[in-house]
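Positions annotated as domain 'CBS' by TrEMBL: B:606-669, B:701-758. Annotation source TrEMBL lists transmembrane segment at B:55-77, B:132-154, B:160-181, B:188-207, B:213-229, B:241-265, B:277-294, B:314-335, B:347-364, B:376-393, B:447-467, B:474-493 (among others).
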């Protein structure tokens, strides 16, 4: 979405540019600021704006003689030495490659995050609905459990191996211990099929992360216990 | 002697939202260190491991500095690019912002930063830069881009890392004092906070990125500490790295390494031994060096507000400087009703800034917490951004980036400054000679009015912005408020000196016609005063300010303003904004700055109260079932272990989490453990061998808990909690166990004694 906008705008710009002047994007410059000519010569036709002169010269030439006098030689008519003390020259350096790399990285990261966010908001619930229909026993993490007795019964039906899960004990106040280990409990047969799948492990991590984020969201946005 | 008891997994770690036990962690680290030192002579490999252990602290801190510098460079470049995206684009090189796009164009016009290579949005769609249509289109695009950035920021925070919202400094203060908030310093929080702060700053909201930089640096510190088990597995040691990381965060945010170290010492850290001082210094130095070599601003300074002038100030100016210091913090009299000061302050038109800001912001945060507004966070962000953008665009001083505004206010009017603020009736003769004092032209008057409007607008918007559910900081807005106030006062003083050069206060320096009053200096002092009034920093503030500006000559005025601000603030006894937010959120933070002055005794505070019984575990007469019932029926985080129920002589203290884990582990792994097995906390062999085999849990028992007697004054107990970092202490009477005092009890008691609501202390 963001990139499409950028592309369309750049297309528009290309149509507007009739002739490309020679654009300069160097990394070094000598920047000189001078007052207007009226301060030295009352008869000149120039305006009263200050002058800004930028040129690409080595640092030892970044002074009045090297930069300003060549530029304004025609207009100055011999008053060059008077305007020189009023001018201020500075040599500056930058690195456009770093800027380019960083900006492109930032655009990439934001695009990836936006795409992932859209995926989680729109496509993930659709995918999960189909998968969840296969489970016969299904627990809803959002239900707040009052006691541990139910949990100990369910824990014994979990399977050994990389997909072993422990029941987390939710309590309605903060004084309890909050185990943020994963929770999904399901029927035995389906688990065996998916057990050693790498995708299963990734999905398990993603579920755990989603649960953590949901808990954070509940703390901050709903219960307002933190970060007010 | 073995390493930490890892046979039971999870022992030694802490639950979420719990307080750590500093003593236990420090003891574990000492044991581990002794083990490594003893084994050093065994083999070359062990010698290497010993050396690695010794330098792992420095290596960790070096890596933290490196990554912090890199991330800060990325954020600076990204934010400055996105900010200018609201105004236009550079077609050939879309990655350059306006200043960089026009950097090397060799045109000789001086059109306030615009050049032919940079296309404003109005120029793209209507091919012109002036005119009403162009203004409307620019306005529209400004608002649209601002809303887009704010929407992205708020939704990313909500979707991926809700912990990334807010400033982060109150929570980091609490974490460094010994609290655990899992995932608060994790990798998702790091990514979303970095991206979010870039987007929030670019949206034109009235916030800064310094507080979030501290959070980002602490995330980096936390993540990298897991590479070194010495720090990753030990919560107390990890906080040394986090203190150093916080120093690096401020160092890259301001380009002030020493100020960063002092900020970490003064504001953020709880314990700050000398070792942490060296490490923080090193970390801040590395981070500043990396940022400087990335050179984001193209002028070899990692500092935004580098001022190059070195004009002297006259002695009388200390009076307005101290006045600015008092303005920065005063206004509390109005709210506390303290008689004469009340009346004086009420009529002072500027006596409202810092404390007013704190009170108003707290009121709004409380309103947001308890009302329906808190249920629509993303909508709130969008509405605030819309209002900010609509009001900010017409005024040129609010349209520009706040950092640019501060730079403008700090800088001296010279030949390269073309802003109306510098519209004096001057003749520039020689750039090397002194600037003469001159009457203010009409541009200055208009600029002053616009600045006062900007001050009001920024104050109001920052009150509503700080605390929103996007990453936000408040150093830059406070500096801006103070800088505007200071500059206006400075211009007033300057015109006073011009119109009445003969009065005694200006005699000498100002009568020669040279410029003796520098309004830029007043802006600096005002900025320091307001920031000091809001955050209550003192030494770190002065050091940050003079590192920010390079004006070493101005340390004395800055110190004068900071001291005035601090004295007035302390006399009226108000909290800084971070402490106020800690209190608002109910974090269990025991402030080491306040003194406990009441005469209560330990017996008044301990649990259990009079009509309850103390829940204890006996050392060898309880079964597994008994203990599980006890764990289920009570909610305490730990239980004292006594010899027997009849004579309650203290044996030790055991934590709930450790008991849970040990019992679960025993049931799973050890054969023969049933509900009737005895639980033994001693090392003596039990006599009978009938029945199921006993369960030995001496390993999880802490045999050296800190105890006090019931007649110990609470001043001493609070002092012990602060200095030793205790989590609980046991109360004995005549050698027998009487009760337990936990940190939460102490916090509640302190609040009760201060006549505040003790139920606002949440968590454990």
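Glycine residues also receive a Cβ, built from the backbone N, Cα and C atoms like all the rest.
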List, by number or range, the same-chain residues at least 6 past the transmembrane segment (B:55-77) whose CB is under 8 A from its CB atoms? 194, 197-198, 209, 213, 216-217, 220-221, 224-225, 227-228, 230-231, 240-241, 244-245, 248-249, 252-253, 275, 279, 282-291, 294, 296-297
Quick one: do the transmembrane segment (B:376-393) and the transmembrane segment (B:188-207) reach 3+ CB pairs under 8 Å, ignoring pairs fewer than 6 apart in sequence? yes
Remote residues contacting the transmembrane segment (B:188-207) - C-beta distance under 8 A, at least 6 residues beyond either end: 71, 74-75, 78-79, 82-83, 85-86, 142, 145-147, 149-150, 152-153, 156-157, 160-161, 163-165, 168, 213, 215-216, 219-220, 223, 384-385, 388-389, 392, 402, 458, 461-462, 465-466, 470-474, 476-477
Paired segments the transmembrane segment (B:213-229) and the transmembrane segment (B:132-154) in contact, 3+ CB pairs under 8 A: no
Do any residues, 6 or more residues outside the transmembrane segment (B:447-467), come within under 8 Å Cβ-to-Cβ of it, and if so which ones? 166-167, 205-207, 353, 356-357, 360-361, 364-365, 368, 384, 387-388, 391-392, 395-398, 402, 405, 419-421, 423, 474, 477-478, 480-481, 484-485, 487-488, 491, 581
For the transmembrane segment (B:132-154), sequence-distant contacts whose Cβ falls under 8 Å of one of its Cβ atoms, 6 or more beyond its ends: 82, 85-87, 120-123, 125-126, 195-196, 199-200, 202-205, 377-378, 381-382, 384-386, 388-390, 393, 399, 469-471
So what pLDDT does the domain 'CBS' (B:701-758) average out to? 89
Let's see if you can do this one: DSSP helix, strand and coil counts over the domain 'CBS' (B:701-758), in that order. 23 helix, 18 strand, 17 coil
